[in-house]
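A short worksheet on the structure shown next.
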Amino acid sequence: MSSKLHFRIVSPERLLFTDDIEMVIIPGSRGDFGVLPSHSPMVSTLRPGLVTIYNRGNIQERVYVANGFAHLTETDCTILAEESIFLAEMNAEMIEETIKYAKQELENARTEEEKAALKRDLDYIRSKLELLRRVNQ
């Protein structure tokens, strides 16, 4: 049994992270779950949330992911996410500006379908800001 798990996070833009790690906590659609080496193979959908990567008994990295899948084998774990960003790269002020812009877009929406889509986007952006604030407390 290996004491390490090969882990990677891939988004449409890039390979964000790859390393051999001890453990990872993943935001699954049915709740967070931990993955260690020799985990049972599975596939899980993701919800927007924080991936916490552990090495040498400490947090090595934290990454925000949104929408996608986690694929696990006994030796590998790959996250394929529509969006992924290192927590250290997230900026509350930029997110707040995006919220302001999204609110303006929502006010200018003409159809109910457009309003519904913009409301979902706004809720998603707000959840990102809430997560960042919660982690930085």
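Cβ coordinates come from backbone N, Cα and C, glycine included.
Curation plays no part in TrEMBL annotations; they are all automatic predictions.
Record features (TrEMBL):
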- 5-83: domain 'ATP synthase F1 complex delta/epsilon subunit N-terminal' (DOMAIN)
- 87-128: coiled coil (COILED)
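Within the same chain, residues 48, 50, 61-64, 66, 135-136 sit at least 6 positions outside the coiled coil (87-128) and bring their C-beta atoms closer than 8 Å to a C-beta of that stretch. For the domain 'ATP synthase F1 complex delta/epsilon subunit N-terminal' (5-83), DSSP puts the residue distribution at 0 helix, 59 strand, 20 coil. Across the domain 'ATP synthase F1 complex delta/epsilon subunit N-terminal' (5-83), mean pLDDT in this model comes to 96.
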